[in-house]
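In what follows, a structure is listed as C-alpha cells, so that the remarks can point back to it.
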C-alpha cells in the first residue's frame, strides 16, 4: 500500500520530478497558497509497477507496442457495461425496439471523444484529472466537484450492488433473498480486490476475463434469440424514432446518463499513468496518445457490441409484449416465477416494464432455464468488474481532490457502506420492483453529474499552459463544448419531466427549484473557467472573474506568458 504522505508547501516545487515531468518552465505561481500548489500524493495501484514500453524494430505501427499500452482502456470500458447500462439496454429494446440503437452508438462515440481527452491529459502532464482540479480550481468549487464525483461513484456502486444481488438471487433459484445478496456484495468486493496484489498485468487480465464472460454470456442470448439483423443495422445508423412516445424519449435521455459515466473520466486519466512514458521525448508522448486512442477505440467497440447484444435480445422478445403473453410462455417452465408477469387484473394487458430480474425470468421462460442462468452469470460479471473500477475511481478522486490516501479496504468500506445501507433497507422492506425504480433514478443522477467531469476535462486539455503543443484543436473544442451544453440542457429537461410525474408540495418544489438554480450557476462557473482556459482572456477584465473563478495567477496570465505543465519536449 502507498505511504500516506501529504506534502508541505515547501516541497511543492518538486511536483514535476515526482510525476516524471522535467519542464524547466514549470514554476509555482508567485504568491500562490499551499492549497493551490501543494504536491499531490502518489499513485494508487501502480506506484511500484509501471509497464515498460518496448522499442519498435521498425517505423510505423507496432502490435508489440499496442499490447504494452493495452489495459487502461479496457478497465475504463467496464463502466460502459455495468448493471445500470445493461438495464438501460434492455429497457431501450423493450420500449423502442431497435429504434434507439443510434442513440447508443452516438453516446458511445461521444464517450470515446471524452475518454480520448481524459487519456491525453494523463499522458501529457503526468497528472490525472482530479490532481489537475486540485491545482486549477479554488478550494470551494474543488470541494463541490469532489462531492459531486463521490455522489456519482456511490450512485454507480448502488447500481452494482443491485445488479449483483439480483444475479445471486437468480443463480440461487431465489433461495438467497435480494437483501442477502446485498450483504454478500460486502464480502466479495474485498475478495476480488486482492487480485491487484498479484501484479498490474494479472489484474488487467482478470478484468479482460470478466469482459470476455460478459461477451460470451450476452452473445449466447443474442444467438439463441435470433433477432432481426437488418432491424439492428437500421436502428444503429438511421437517427430517427418514428412512433416513439414519451417513454422512449425519456429512455433515450437515460442512455446518455447510463453510458457516459462522469467518474470514468477521472479514472481513465489516472490509469494511463501506469505506462512508463518518457515525457521528455515528443515522439514517445505522441506515440502514447496514438496507442491509447487505438486501445480505447477497440475497448469501446467491444463494449458497444455487448450493449447491442442486450438491446437486440429484448427488442426482439419483449417489444410490445403484454404481461399476459409472457406469463403464458412461463407456464411451460413451472420453476420460473411467472407471477412477475400478471395474467389477471389491469396489469395483464399492459406492455411489460422490463428490468434485470424480469429480463432473466423472460429469457428462462422463452429460451429455457439455461438462458436465465447464463444471463445471471453475465450480470454478476458486470457487477463485480464495475465495483472494482469504481473503487479505483474513488481512490483517485480522493487522493487528487483532497491530497489524501486511504488504505484500499477503508475506501471500499466507505463507499460500499453508503451504497449498501439504503439498498439493503429498500430490498428488505419493499419489493424487487422498487430496486428497478432506484436504478432509473440513479441513471438520472449519473447524467446530472456528467458536466462536473466533462467541463474540467475540456478546460484542461484546451489550456496551452497545461498541454503545450498537445492542446486541443478547434474541432475538439467545438465538439466537446457542444457536448457539455447538450448534456446540461438534457439534464434540465430530465429534472422538469421527472418533477411533473409527481404531485409535490410547494415546499418540495421550492427546494428542487433552489437546487436547480444552484446546479445551473455552478455549471456557468465551470463554463466561464473553461472559456478562459480556451483563451477568452476578455473575461479577465472583470474583477468578479479574477477573484472567484481564476484558481492561480498562472491562469490570469494565460494570454501573456504561458507556463506549461507539460514537458518542454525536445524535438
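Glycine too: its Cβ is placed from the backbone N, Cα and C atoms.
Just so it is clear, the model here is predicted, and its values are computed rather than measured.
Feature annotation from TrEMBL assigns transmembrane segment to 143-170 (among others).
Among the features that TrEMBL reports, transmembrane segment is placed at 176-193 (among others).
Feature annotation from TrEMBL assigns transmembrane segment to 205-223 (among others). For the transmembrane segment (205-223), the list of distant contacts is 74-75, 77-78, 81, 195, 302-303, 305-306, 309-310, 312-313, 363, 367, 371, 374-375, 377-378, 381-382, 384-385, 388-389: same-chain residues at least six beyond its ends, Cβ to Cβ under 8 Å.
Here TrEMBL flags 248-267 (among others) as transmembrane segment.
Taken from TrEMBL, the feature transmembrane segment covers 288-315 (among others). Using a Cβ-Cβ cut-off under 8 Å and counting only residues 6 or more beyond its ends in the same chain, the transmembrane segment (288-315) has close neighbours at 53, 65-66, 68-74, 76-78, 80-81, 85-86, 89-94, 96-98, 100-101, 104-105, 108, 111-112, 115-116, 119-120, 123-124, 211, 214-215, 218-219, 221-222, 225, 227, 231-232, 235-236, 259, 268, 272, 275, 277, 354, 359, 362-363, 470.
The transmembrane segment annotation in TrEMBL covers 361-382 (among others).
Long-range contacts of the transmembrane segment (413-432) within its own chain (CB-CB distance under 8 A, at least 6 residues past either end) are made by residues 150, 153-154, 157-158, 160-162, 165-166, 169, 177-179, 182-183, 185-186, 189, 355, 357, 390-391, 394, 406, 438. Summarising the annotation, TrEMBL assigns transmembrane segment to 413-432 (among others).
What TrEMBL lists as transmembrane segment is 444-462 (among others).
Within its own chain, the transmembrane segment (474-494) has Cβ neighbours under 8 Å at 110, 113-114, 117, 250, 253, 256-257, 444, 447-448, 450-451, 454-455, 457-458, 461-462, 516, 519-520, 523, 527, 530, 534, counting only residues six or more beyond its boundaries. Annotation source TrEMBL lists transmembrane segment at 474-494 (among others).
Listed as Cβ neighbours of the transmembrane segment (506-528) (distance under 8 Å, sequence separation of 6 or more from its ends, same chain) are residues 141, 144, 448, 451-452, 455-456, 459, 484, 488, 491-492, 495, 499, 539, 545, 549. Positions annotated as transmembrane segment by TrEMBL: 506-528 (among others).
Here the transmembrane segment (361-382) has Cβ contacts under 8 Å with residues 78, 81-83, 85-86, 160, 163-164, 166-168, 170-171, 210-211, 213-214, 217-218, 220-221, 224-225, 313-314, 317-318, 326, 329-330, 332-333, 335-338, 340-341, 352, 354 of the same chain, all six or more residues outside its ends.
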